[in-house]
Amino acid sequence: MWLRFGAETRGFFDIDLNTAQFNIGVMVLVVTGVLMLLVAIIGGCGACNHSKTALSVFSGLLFLLIIIEIAAGLMAFMWSGRLADELVNFYNTIYAQYLNTRSPGQAVTLKLFHNAFDCCGIGGPIEVFVRDTCPDGDFLHKLTYSSCPRVIKDVFASRAPMVLGVFLGLAGIMMLVLVCSCVLRCHVSSSYVSSPSYVLLTSSPSVIFPAPAAQQI
């Protein structure tokens, strides 16, 4: 939601790139966040109300999220080079459009790239066309700026194993939560069984004994 409505990233959606890749990526993040929030609410309600059905639904959805988490990590690791190329093409498109239009939305996008990767345009230290969007710094720091396309590829190549580790670590934490939810579900199913029927015992009716015969004198 911050990517879609934030003041610093709103300019992404005002750029005509003839592609919906960025919009699709943001919508995937939003849908995933909503699904995780729904899973958390179902799990909390199931734990508080001792509902076996809610805990079962929570465990099923959590297992689905674990599979998605692992698959996303593996795809990000295997396709890191392709993702880097797509991001470089995205940056080059923004760079070329900004040279022609000087749009404020495109300027915000370039600043976001430059600050995130600590780079400056395509020429690096000799960049002259988009110097106003480069990161702030002293004169010596500006001379050490690198070309953004090269920096983007280097970052994706060097941090791909770390990204995979993050995804697998999150999947491991979610697996621990799944085990705990299964244990809680078994505890609820064994604790909340139907109570045995009890027969209300009433006091037995009093037995009427015959009156003793009068003693004869």
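Note: Cβ is positioned from N, Cα and C throughout, glycine not excepted.
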Name the cysteine that pairs with CYS134 in a disulphide bond per TrEMBL, restricting the answer to CYS119, CYS120.
-> CYS120
CYS134 (disulfide bond) has how many other Cβ neighbours within 10 Å of its own Cβ?
-> 21
What same-chain residues, at least 6 away in sequence, bring their CB to under 8 Å of the CB of CYS120 (disulfide bond)?
-> HIS114, GLU127, VAL130, ARG131, CYS134, PRO135, LYS142, TYR145, SER146, SER147, CYS148
